[in-house]
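Each remark here refers to the structure printed beneath this line.
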C-alpha cells in the first residue's frame with residue numbers, strides 16, 4: 001500500500017525530500033550548460049559532438065518517461081527512484097572519467113535514463129498529499145527547480161576554479177546520494193489504480209527507434225539540411241514508428257483511454273507554451289555564459305554568480321506571484337502570460353545593447369527580467385494546462401509534458417550551438433576582411449599594439465589581433481541572438497493577447 005498522508009508536523013520534511021529529488025537533474029544540467037565549452041575542450045569534442053550528448057540524454061529520458069508509469073506500478077515509486085539514482089550516478093561516473101566524446105555520450109545517456117524519474121516522480125508525489133498541503137508542496141517543488149538551476153552555475157564555477165571539468169560530473173554524486181535518502185519519504189506503492197495496458201518489447205523498440213531518429217533529425221537538420229536529402233526519409237521513418245507505437249497503445253480502455261483524454265485543445269496548446277519556455281530558458285543558459293565570459297571578459301566565478309542571479313530572481317518572482325494568487329489578486333491568466341513574454345522581450349532588448357564596458361551590476365539587473373519571465377510564464381502555463389486534467393490522467397499528463405521538456409532542452413542546445421557557429425563564422429570573415437595583407441586597418445592595428453606592447457613582435461601581435469577578432473565575432477553573434485529573442489518575445493506577447501484558450 002502507499003504511504004499514508006503526512007501529518008502537518010512532518011510536512012516540512014516531506015517537502016524537503018521532494019525538493020531534494022526534484023533538484024538533482026537541474027543542478028547537473030546547470031553545471032554542464034554553464035561550462036559547455038570547458039567540457040568540450042576536456043573531451044576533445046566539437047559543438048556538433050557535444051550536441052550528440054544532449055541528443056543521447058534526451059532520447060534515453062524520453063524512452064524512460066514513456067515507461068515510467070508502468071515501472072512505478074511494478075516496483076513502486078520509492079524503488080523506482082532509488083534504481084534511477086543508481087543509474088544516474090553511474091552515468092555521472094562515466095562522464096567524469098570520459099576520455100573522449102563517445103564515453104561522454106554514453107554517460108549522458110545513462111544519466112538520461114535515470115533522471116527521467118526525478119522530475120515526474122517528485123511532482124506526482126506532491127499530488128499524493130492531502131489537498132490542503134499541496135499549495136506549500138507545489139511552492140517548494142518550484143523552488144527546487146529554480147534553486148537547483150541557480151546552484152548549477154555556482155557549483156560549476158567552483159569546480160572549474162578549484163579542480164577541473166571532470167568535477168562538473170563527479171560533483172553531482174553527493175547530491176544523488178542525498179536524493180536517494182530523500183526518496184525514503186516517497187510512496188512505497190502506487191495508489192492510483194487503472195488498467196495499465198501493455199507495451200510489448202517490440203513496441204517499445206519501435207518507440208525507442210522513433211525517438212532516436214527524430215532526435216537525430218533535430219540535431220542534424222541545422223548543421224546540414226540542404227546537403228542531406230536523406231533527412232526526409234529519417235523524418236518519415238521516425239514519424240511512422242512513433243505512429244505505430246501510438247496505435248498499439250491507444251486502445252479503447254486502460255492507458256490508451258487516458259491518453260485520449262489529454263488530446264484536448266487546452267492541454268495541447270499548453271504543451272506548445274511549455275516547449276517554447278523550456279527552449280528559451282535552455283538557450284539562454286547556454287549563450288549567456290558565452291557572452292559574459294568569452295565576449296565581455298568576466299572570469300568564471302563572476303559568470304557563475306551572474307547566471308545564478310537569473311534563477312534566484314525567478315524564486316523571488318515566483319514567491320510574489322504565489323502571494324498574489326493566495327490573495328486572489330490574479331483573476332485571469334492572459335495578462336500574466338503576456339507580461340512574461342514582455343519580460344523576455346525586455347531582457348533580449350537590454351542584453352543586445354551590452355558592450356565590453358558594461359558593469360557587472362547592470363548585467364545582474366537585466367538578468368532579473370529573465371528570472372521573471374521563467375517563473376511568471378511557466379506558473380501561468382501550468383495553471384492553464386493542468387486545470388482541467390482528470391486526477392486519474394494526471395501522471396500521464398505530466399509524463400507527456402516532461403517528454404516535451406526533454407525535446408525542448410536538446411533542441412535548444414543544438415539550435416543555439418548552430419546559431420552561434422554560423423553567425424560567428426560570418427562576423428569573423430567580415431571583420432577579418434579589413435585586416436588583409438596591405439590593408440591600412442591592419443597596419444594601424446599593428447602600430448597600436450606595438451605602442452601598447454613594445455615587446456611584442458609581428459607574429460605575437462597578429463596572434464593577439466586574431467584573438468580579439470574571435471572575441472568580437474562571438475560577442476556580435478550573442479548580441480544578435482538576444483535581438484532575435486526580443487522580437488520573439490514581442491511576437492508571442494501579441495499572439496497571447498489575441499488567443500482565447502488561456503484567459
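Glycine residues also receive a Cβ, built from the backbone N, Cα and C atoms like all the rest.
Look at TrEMBL and you will find 14-503 tagged as domain 'Major facilitator superfamily (MFS) profile'.
Proximity of distant same-chain residues to the transmembrane segment (12-30), defined by a Cβ-Cβ separation under 8 Å and at least 6 residues beyond the stretch ends, is recorded for 6, 81, 85, 88, 92, 111, 115, 118-119, 121-123, 125-126, 129, 136-137, 140-141, 143-145, 147-153, 155-156, 169, 172, 175-176, 178-179, 181-186, 285, 311, 409. Residues annotated as transmembrane segment in TrEMBL: 12-30 (among others).
Here TrEMBL flags 50-68 (among others) as transmembrane segment.
As annotated by TrEMBL, transmembrane segment applies to 80-99 (among others). Counting same-chain residues at least six beyond the ends of the transmembrane segment (80-99), those with a Cβ under 8 angstroms from any Cβ of the stretch are 21, 24, 28, 43, 68, 71-72, 106-118, 121, 166-170, 172-173, 176-177, 179-180, 183, 186.
According to TrEMBL, the feature transmembrane segment maps to 136-159 (among others).
The transmembrane segment feature in TrEMBL is assigned to 165-182 (among others).
For 231-247 (among others), the entry in TrEMBL reads transmembrane segment.
Long-range Cβ contacts of the transmembrane segment (268-292) within its own chain (Cβ-Cβ under 8 Å, at least 6 residues beyond either end) map to 30, 33-37, 149, 153, 262, 298, 302-303, 306-307, 310, 337, 344, 351, 354, 363, 367, 370, 373-374, 377-378, 381, 384-386, 400-401, 404-405, 407-409, 411-413, 415-417, 420, 474-475, 478-479, 481, 485, 488, 492, 499, 501-502. Taken from TrEMBL, the feature transmembrane segment applies to 268-292 (among others).
What TrEMBL lists as transmembrane segment is 304-324 (among others).
Annotated transmembrane segment per TrEMBL: 336-354 (among others), in sequence order.
According to TrEMBL, the feature transmembrane segment maps to 360-382 (among others). Within its own chain, the transmembrane segment (360-382) has Cβ neighbours under 8 Å at 142, 146, 270, 273-274, 277, 280-281, 284, 288, 292, 296, 298, 302, 306-307, 309-318, 321, 333, 336-337, 339-341, 343-344, 346-347, 350-351, 354, 489, 502, counting only residues six or more beyond its boundaries.
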Near the transmembrane segment (136-159), which same-chain residues lie under 8 Å Cβ to Cβ, leaving out any that are not at least 6 residues past its ends? 11, 14-16, 18-20, 22-35, 122-123, 126, 129, 165, 167-168, 171, 285, 289, 300-301, 303-305, 307-312, 314-315, 318-319, 322, 371, 374-375, 379
